[in-house]
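So that you can see what the record holds, here are the features copied from Swiss-Prot:
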| type | residues | note |
| --- | --- | --- |
| REGION | 72-92 | region 'Disordered' |
| REGION | 144-214 | region 'Sigma-70 factor domain-2' |
| MOTIF | 168-171 | motif 'Interaction with polymerase core subunit RpoC' |
| REGION | 223-299 | region 'Sigma-70 factor domain-3' |
| REGION | 312-365 | region 'Sigma-70 factor domain-4' |
| DNA_BIND | 338-357 | DNA-binding region |
Amino acid sequence: MANDQHTELETEFTLDQVKDQLIEQGKKRSSLNYKDIMEKLSPFDQDPEQMDEFYEHLGDLGIEVVNENDEEVSNLRQGEDHDGNDNDDFNFDDDLSLPPGIKINDPVRMYLKEIGRVPLLSADDEVELAKRIMNGDEEAKRRLAEANLRLVVSIAKRYVGRGMLFLDLIQEGNMGLIKAVEKFDHNKGFKFSTYATWWIRQAITRAIADQARTIRIPVHMVETINKLIRVSRQLLQELGREPTPEEIAAEMELSVEKVREIMKIAQEPVSLETPIGEEDDSHLGDFIEDQEALTPADAAAYELLKEQLEDVLDTLTEREENVLRLRFGLDDGRTRTLEEVGKVFGVTRERIRQIEAKALRKLRHPSRSKRLKDFLE
């Protein structure tokens with residue numbers, strides 16, 4: 001079973017160190033690629049508001065954040081006609097394809113077809129809607145959100161198979177999209193898709209961390225696990241075999257110990273009711289040793305000891321027998337103090353001590369003790 005006490009791994013660099021590296025890189029080139037920023041900062045549990053502050057800081061330093069290779073939007077625009085009109089026959093199987101083996105049911109298919117009919121926006125349209133939103137135009141909010149629903153789907157499909165239904169991933173991503181619509185500031189010079197992507201990814205990864213696993217894993221650790229999985233798959237293709245922890249560590253630039261710990265955290269809990277065997281007539285729990293259970297031999301010896309002890313106690317007076325039963329918890333496993341036993345019999349604790357001492361002397365007599373000695377060896 002997975003341990004619910006996870007030690008949060010320290011990254012090779014702190015968040016501030018990574019940001020300093022990005023700033024240094026941006027100063028040399030006067031710009032930074034949005035994709036590079038996302039990749040470097042994704043292992044950290046950054047709120048979108050914190051990302052906004054970082055982007056503003058980059059702008060103050062004269063570093064432009066570019067999004068020249070915006071794959072999300074360029075792929076989505078393939079669903080439109082060249083004249084800019086929306087295509088009623090939007091091919092969601094091509095644009096929003098899922099990993100092999102993942103099927104979509106009718107509600108999802110209907111949803112994808114519906115959002116495929118919503119025309120995408122030009123950069124000028126986005127700016128115009130953003131201005132209206134800043135003036136409190138609710139219709140502009142709705143229009144900007146609807147035009148980017150396909151962006152949510154294209155991001156959500158990357159997280160299929162991680163413990164949440166595809167439709168649930170889309171729903172969580174849509175919540176992030178709504179947040180992005182409310183907070184988007186066109187004056188910063190970002191395309192809306194650039195800004196919204198972080199909010200959408202953040203909403204989905206947080207939902208997976210909170211809901212997908214029996215044992216919750218911190219968001220930043222979910223990102224680290226995802227990166228390890230990607231590296232493992234890449235090495236599997238290159239090497240033609242499963243990579244070793246040492247090979248993964250070298251590729252991720254982490255220590256082997258950290259990679260092993262990440263792999264341990266990534267393990268899913270297994271139910272004790274998991275069927276085992278071809279007939280499914282056994283369960284995993286049947287094959288796990290109960291460390292507290294007695295062996296058959298010990299159980300038999302324990303039953304014999306109980307029988308002999310009952311016979312020996314029968315040779316005492318009723319009061320002596322009951323005092324010993326209460327003092328040593330022979331019936332219910334709970335021992336009582338002299339004072340507690342005294343209250344039961346309505347006598348002083350000193351009187352109970354005397355009765356107990358007398359009863360124990362009787363039990364030590366060879367005529368009685370020899371019947372129990374064999375069980376003490």
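Note: Cβ is positioned from N, Cα and C throughout, glycine not excepted.
Helix, strand and coil counts from DSSP across the motif 'Interaction with polymerase core subunit RpoC' (168-171) read 4 helix, 0 strand, 0 coil. Here the region 'Sigma-70 factor domain-3' (223-299) has a mean pLDDT of 84 out of 100. Applying DSSP to the DNA-binding region (338-357) sorts its residues as follows: 17 helix, 0 strand, 3 coil.
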